[in-house]
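According to TrEMBL, the protein has these features:
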COMPBIAS  1-11  compositional bias 'Low complexity'
COMPBIAS  22-34  compositional bias 'Basic and acidic residues'
DOMAIN    54-194  domain 'P5B-type ATPase N-terminal'
DOMAIN    218-268  domain 'Cation-transporting P-type ATPase N-terminal'
DOMAIN    310-430  domain 'P-type ATPase A'
REGION    1-45  region 'Disordered'
TRANSMEM  71-88  transmembrane segment
TRANSMEM  245-267  transmembrane segment
TRANSMEM  273-293  transmembrane segment
TRANSMEM  444-463  transmembrane segment
TRANSMEM  483-503  transmembrane segment
TRANSMEM  939-963  transmembrane segment
TRANSMEM  975-991  transmembrane segment
TRANSMEM  1012-1033  transmembrane segment
TRANSMEM  1058-1078  transmembrane segment
TRANSMEM  1090-1108  transmembrane segment
TRANSMEM  1128-1151  transmembrane segment
Amino acid sequence: MLISSDNPSIIDNDDDNGINLGDRKSPVSKDVFKSKKVNPPPTRPNLRYINAGEEDQMEIYGFQPNLFKTLITWFTILITGGILRLIFHWKPHWMLYCTHTQCSLEKSKKVLLIDHFMQKFTETVMYEMNDRLIFQNHHDNHQCRSSNLLQQKQLNQQTKPIEGSILLPGSNGCFNKVDSMIYFENKKVRYVWDKDLREFVKIRGLDRNIKCTYFYNQKGLQEKEQSLRRKIYGLNKIEVNVQSVWQILFMEVLEPFYIFQVFSLIIWTCDSYYYYATCIVVMSVLSLVTSVYQTRQNQKNLRDTVQGTDTVNVCRGNDIYEKIESTQLVPGDMIEVPSFGCIMQCDAVLVSGNVIINESMLTGESVPVTKTPLPHTSLQMTYDSKEHAKHTLFCGTKVIQTRYYNNVKVRALVIRTGYQTAKGELVRSIMFPRPVDFKFNRHIHKFICFLAFLASIGFFYTIVLKTQRQVPWQKIVIKALDLITIVIPPALPATMTIGVVYAQARLRESKIFCISPRSINISGCINCVCFDKTGTLTEDDLSFSEVVPIDANCNRFVEPIYHPDSDLEFGPLLINLASCHSLTIVENHLIGDPLDQKMFDSTDWVLEEPEVNDTSKYDLLTPTVVRPKQNYQDKEIGIIRQFPFSSSLQRMSVVVRQINGIQFEVYAKGSPEMIASLCNPDSIPSNYSNILQKYTEKGYRVLGLAYRPLPSLNYLKIQRASREDLEKNLTFLGLLVMGNMLKPETTNIIQTLIMANIRCVMVTGDNMLTALSVARECSMIQPSHKVILLDAHQESSDNEIPKLSWKFSNTINQNGVDVHFNSKIFRVEREKTHVAVNGKTFNVLRNHYPDLLKKIAVRGTVFSRMSPEQKQYLIELLQEIGYYVGMCGDGANDCGALKAAHAGVSLSDTEASVASPFTSKRPNISCIPILIREGRASIVTAFGILKYMACYSLTQFISVIILYTFYSNLTDKEFLYIDLFLITLFAMLFGRNKAFERLDRDPPPSSLIGPTPIASIILQILLVIVMQIYSVILVKAQPWYKEHITEDEDDLTSHDNYALFASSVFQYITLAVVFSKGKPYRQSLYSNRSFLLSLICMTTFTVYLVLTPSNFLIEFFEFDLQNVTLEFRFMMIILAAAHFVLAIFIEYVIIDFLLFKKLPKWFTCLNSTESEFKWIDRETKNNTLWLPNSLNFKLIDNECNQNSKTSDDNLVENNHTFNRIKSKDCDRDNDHNV
């Protein structure tokens, strides 16, 4: 399997292809939100990959140490005083480039991994060899040339001696013995070198390409074999490292933000700017303490949540069991599941007995489920953890009870341990979250680079100016570097988080809890929300409505029965209602699926389990009995065998027998479509479609009921029969109708979102017609809108691509009358047509029509019969085409979709759910507009603070540059007043504005590099420059003006200083007001009382400071007010007022009204980074040929539709040409193909 380190003869293709990292092109556009891709990027022949074709696919490059490059690099680190090493700490792959040379993977000592988010990881390749190979390598090392000393030294450090062989997993559950192992680890996953495939492969458990028969053939592992497997899999524990306080502190201090702060403190200290430096030190220490405390607490909480060990009874073969620590488990161990419950410490396949288990930790579903053994009938099938989830016990879930038959222990075979388990994958997703590369965050970095560019201009200007004036070089360096700290404010990163902090606090008050604060800003950009139906749009609990029986004589549905307990006679239909469920009794409580409970309660029967220990109930022939409460003689039904509900099969069934009966019977319930397909066609009522459509269109949840007598099967044959053999040739019994009412808040919330131009999509596992009915009822589809149903049909040959067909669903017009569009040619109102698809068709589109699928994703409103995996795929597809997607679900079957969405909201009673970034304790979708409003407020706050901090730094930069020109500068006290009492105070209170009560149709801008924000900053700074220059001109024109020329750099007192300070100090207050915007995303400035009070106080004090300061303040601020007239001081106040009026006019009239609201549409078309979904939307509106040619549709304008009375006879079909409509009231041809 593995290549040994002493075999250098195999050369990787990388060398032949001449791969150069510098020439590679990113598979992900930097202009698109880097979200999780629907499919991994395509592979290219000249690159090597790990996990190729999977969603965690990564490029891999091999490197080996280079002695010459290493010496040069460390020499450079020394002469730069460690600065280069600090940069390498931020960019580890740069150090890899500087100290290593690219080589083949076989020879690599380090590897560079690049995922499709363009994240880079550097990992060390480790070697494990037995003593014989180590001795041989030691002998070979003495014969190596001196040029390879570095490589040999590193190889020795990376080699671990082991005793005996290593077992590596092969195919079909087999393990192969090898003497050496070459591997590396990334994100808690181990990758081992396979010399046959000549690539690194992920170590997997027993869950891939394993026949189901394998699990029944295993008898357990001996201790020696278990120990050998542990060498490759490691200990079975999910270990979360809790760093020490000093480790966290050290890593925090090395962050670029704090490094720049340290740099700024050094400059300020050298410039004797002690006051502000002291304040920054205090704030930084408090920030560090808070950050270190929160980080350590988060690590401890995660460790306490996920880490746990237990003792396990493991089989050693021949029914010999031994208790061991759960950390010693490996894939292949056979364990006994305890009778009275435990927490599962691994993933295991159940092979005997039944287990009642609570999976709320993983799915959020609080109703316990019953796990059954892997069926013998599927032994030749390949095991799939999703398909066989009903037979798999997952790590972290809680076993409530076990039940066995014939004194056989409840046993399960371990298939995954540690971080490979379902719980481990969940923890890995928390520890290594996908990057949220929000466009706004990227633009912040670009903007800081722009500020750095301006700082460099000021830096060189200062050097040139001071050098010409023969200022000592020490002071030149300090003044020049000080200018950098002015242009790039050290407090910028901290102030950018203020809006998020306030938004998170307000969300908590609204009972919406967040474990990912960075997702709050993104939630403000949401333009598409996907909703689950049951438990999200509709009530959690179903209510029994009626059962619709069949008259066998006329083979038609008859009048519905509303009270089966009294009105339904004893017979197959009543037995189906009473027995076809998965209910059980635990601690005297009936537990199971809520639908099953409602159905069983409608019969008024009772469920009895034998009066023995709960864990041994399956020792009896009839473990469970259902019977009427009274007069139950000869009516007791024993449930012999149960096939649990499967979302893929869309049904469940049971095998029962009356206590005094002579034959077994199978009863089934499930989706009407599935049950009807399993029934004898003669038993299907003639009015089946009409009655089913009647109920589903009204939003009811409908299940089909069927049964089949089994006269020729005895008990043993029943136990051995396959599910497929039993669930065929059924007799249709009737329909079970369950009410699923909308939650009271649903309709108003959906209408609110639609009015805010936020697209609403329903993604449900329920029936299409039921989903459409709910969509109409909650206004997701308006009454006058049409719905196109897309369906896939497989032709006679399975090799042919399935065909697509289209039809209109029955719709209801405003008068409540059914309007049928079942002809081959249709009339459609433009832009008022929705597309609906089911899960089967969705898969066909996904596999055979990927381009059409994107258009369906843009036009689709209802997606029914969707599996959890399909829900996640749809979310990722919407993200891929440019939507910012929100997902709201109950957390049960929506975990994948909730985690994939930009903002997933789980409706749960708990305060936090690992399934999604947001958890709402509000049991309805009212949390969605609240979240979006707070997200928008947070974005606007972030934009405002960023623009304020940018304009503040540029305003101060302009003041300093002007004063440098006139041999002056702002004094330390003036800097202190501006930086601490104005900027810091305003920035801290800036984000306290609450979110606006209503959602605006236009979302706030999410890009800093756009016409609106750029124009805002430029115009405001131009105004600042004009006002400051005018104040200098004004002061120089005064008869009492005294020019300030001095060789003393510390003598800053001058008339220029006072004029610039008096002019600029009001500009900071004005900018705070200008950028603190209210409606339509935040409440008005007046609602933020603390911010308003600070503005009033600081403005009042500043007016006093400029007009008539006391002698103490004059001396403290070092003002030169000698001969400065009161008239000039009032002129400074008038100048500030004029600046305030002009700044308000620029921001609210020119920027917000003219540029943002009235920007011509042709200008927006120049945007080359427009999202894909927008041009797909335009294409499907304007180009009517995007649907398949199998059917054609008519689009008729509303006027024409109202004035023309066209019958079906007037419509002429032509599949490949435009259809023409003959209408005497229409003067023009409105025909279009859709």
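Numbers here mean position along the shown chain, with the first residue as 1.
Backbone N, Cα and C define each Cβ position, glycine as well.
Residues 245, 248-249, 252-253, 258, 261, 264-265, 482, 490-491, 494, 972-973, 975-976, 979-980, 984 of the same chain sit 6 or more residues outside the transmembrane segment (273-293) yet have a Cβ under 8 Å from a Cβ within it. Of the Cβ pairs linking the transmembrane segment (1012-1033) with the transmembrane segment (1058-1078) and spaced 6 or more residues apart, 3 or more are under 8 Å, so the two regions touch. Note: the domain 'Cation-transporting P-type ATPase N-terminal' (218-268) comprises 33 helix, 0 strand, 18 coil (DSSP; helix = H, G, I, strand = E, B).
Using DSSP to sort the residues of the domain 'P-type ATPase A' (310-430) gives these counts of helix, strand and coil: 25 helix, 44 strand, 52 coil.
With a threshold of 8 Å between CB atoms, the same-chain residues lying at least 6 positions outside the transmembrane segment (939-963) that come near it are 440, 444, 447, 451, 454-455, 458, 461, 483, 486-489, 491-492, 495-496, 498-500, 502-503, 521, 524-525, 969-970, 978, 983, 986-987, 990-991, 993, 1004-1006, 1008, 1013, 1016-1017, 1020-1021, 1024-1025, 1028-1029, 1032, 1052, 1056-1057, 1060-1061, 1064, 1067-1068, 1071-1072, 1075-1077, 1081-1082.
Non-local neighbours of the transmembrane segment (1128-1151) in the same chain are 1012, 1015-1016, 1019-1020, 1023-1024, 1027, 1030-1031, 1034-1035, 1038, 1059, 1062-1063, 1066-1067, 1070-1071, 1073-1075, 1077, 1103, 1106-1108; each lies 6+ residues outside the stretch with a CB under 8 Å from one of its CB atoms.
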